[in-house]
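Below: the structure, in C-alpha cells.
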Amino acid sequence: MNLWTKIFQPPCHIKEISDPELVKKQYKYWRMRIFYSMFLGYVFFYFTRKSFTFAMPTLIADLGFDKAQLGIIGSTLYITYGISKFVSGVMSDQSNPRYFMAIGLIITGISNIFFGLSSTIPLFVLFWGINGWFQGWGWPPCARLLTHWYSKSERGTWWSVWSTSHNIGGALIPVLTGVAIDYTGWRGAMFIPGIICIIMGFILIDRLRDTPQSLGLPAIEKFRKEEDAHPHEETTADILEEEAERELSTKEILFTYVLSNKWLWFLSFASFFIYVVRMAVNDWSALYLIETKDYSTVKANLCVSLFEIGGLFGMLLAGWLSDTISKGKRGPMNVVFSLGLLVSILGLWGTRDYFVWWIDGTFLFIIGFFLFGPQMMIGLAAAELSHKKAAGTASGFTGWFAYFGAAFAGYPLGKVAQDWGWHGFFVALLACALIALILFLPTWNASEQSLRKHSH
C-alpha cells in the first residue's frame, strides 16, 4: 500500500448500529460536527485565496506593478484552481475528505507564507499557482460530505447555509488584510492568513470524518426513510443501501455520470460567465472605487465586504426557495436571480457620478445577493443531477469552467480596464450576466427524473 492510498483511502464501512435511538443520537451529533468543521474549514480557505486580492493596491504602490501584471498573478491562481477543482473532484470521490480537505488547507497556508517572502513576478506566479492547485482541494470533499450526510429534501437549505462560508470568509479577509497592511505591510497580510490556515488544517484532521457508513450509521436515505434516488438508481431503501456500499470506478464517474450529462454542460458554461462577474466584482471593485471616487482602502474594502454579505442572504434565500417554491428544482431560481444580477450591475454603473460610499455599497450588496444564489446552486444542481458517488466530480466539473471564468476576470479584464477604462469593464460584465441568463433557461425543468428519461 503506497503512502497516498494509506492517507487518502476512504475508511471501510463498519457494522451498522442496531439501536434506533443510538443511531438517531449519533446522526444528530455527527451531522452538526461535520457541518461546522467543513464550514469553518472553507471560511479559512478563503483567507489564503483572497489575501492577495486585497493586498493589490499596496503591491502597486510598493513594488510598482501595473494592473496587467497583477492580473497575470490573479489569473494563474484561477487557472490552476479551475484545473485542480475538476481533477481533485475525481480524486476526492475516491478519497477520505478528512485528510483531503485538511492537507489542502495546510499547503495553501504554506504557499501564502512563501508568497509573502517573495518580491518578483515569477516567484509570485509560482507560489500563487501552487496555492491555486491546493485551493481545489477544499470544495470537492465538501460536496461529497453534503451529499452523504444530507438528503434530497433538505439539501438545498443545508447546501446554501454551508455556502455562506464563501461570504463569511470573503467578508472577513478584507478586514484582516486591511488591518495587517496598516500595521505590518502587505507581507504581513500574506503571513497571518497562512499561519491561521495551517493551524486550522490540523483541526480539520481531528474533527472531520467520511461517510455515515464508516461510523456504523445507515445511509442518509435509509435513515430519513426517503426515496432519495439519483439518476440511474432504483429507489428502494435496500438498493440505495447496496449502492452506497459500492464505490464507482473513475471511468464510470467520468463517462457515465459526468461527461455524457447534458445538464452539466449547460451549468458549466453558465458557471463560466457567472464567475467572470463574481471575480471581477470581488477583485476589481475596490480598485475601481479607489481610482474613480478616491475612496480610502478601508472604505473601498468595506463596500466589497457588503458584496459578500449580500451574497450570504442571497444564497440562503435561493436555497430555501428552491427547496420549497421550486420543489427541489434549482433552474427557476437560477433564471430569476440571474435577471436580478443583470439589472443590479446596470444600477452600480449608473451611480458612477455619485461619490457616496453607501450608495456604492448598497448596489454591491444587491449584486452579491443576486449573484451568489446561482453561483451556489450550480454546484448543488450538478451534484444532484449526477450520481451520489460522483458528486465531487460533477461539482468539480462545473468548478473547472467556473475558474476559467475567474481567470478571465484576471488578466483579460485587467487589460480591458487598462485599455478601455471602467466603461469597457462594465460592458463586459453586463454581457457575461446576459449570457449566463440565456444558458440557465434550458435548465428550468431539469431534474433527476428528466435526466433519467433522457438517458434511457
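From the backbone N, Cα and C atoms, a Cβ is placed for every residue, glycine too.
Predicted, not measured: the structure shown is a model, and the values here were computed from it.
Looking at 70-90, 91-111, the stretch flagged in Swiss-Prot as transmembrane segment turns out to be 70-90. Put simply, of 34-54, 70-90, 257-277, the stretch with the most CB pairs closer than 8 A to the transmembrane segment (185-205) is 34-54. Within the same chain, residues 266, 269-270, 273-274, 276-277, 280-281, 284, 288, 291-292, 331, 334-335, 338-339, 341-342, 345-346, 348-349, 352, 374, 405, 413 sit at least 6 positions outside the transmembrane segment (421-441) and bring their C-beta atoms closer than 8 Å to a C-beta of that stretch. Contact between the transmembrane segment (302-322) and the transmembrane segment (394-414) is not supported: fewer than 3 Cβ pairs lie under 8 Å, counting only residues 6 or more apart in sequence. Among 34-54, 257-277, 331-351, 363-383, 394-414, 394-414 has the largest number of CB pairs under 8 A with the transmembrane segment (70-90).
When Cβ distances are compared across the two stretches, the transmembrane segment (161-181) makes contact with the transmembrane segment (34-54), since 3 or more pairs at least 6 residues apart fall below 8 angstroms. Relative to the transmembrane segment (257-277), the listed stretch 394-414 leads the set 34-54, 363-383, 394-414 in CB pairs under 8 A.
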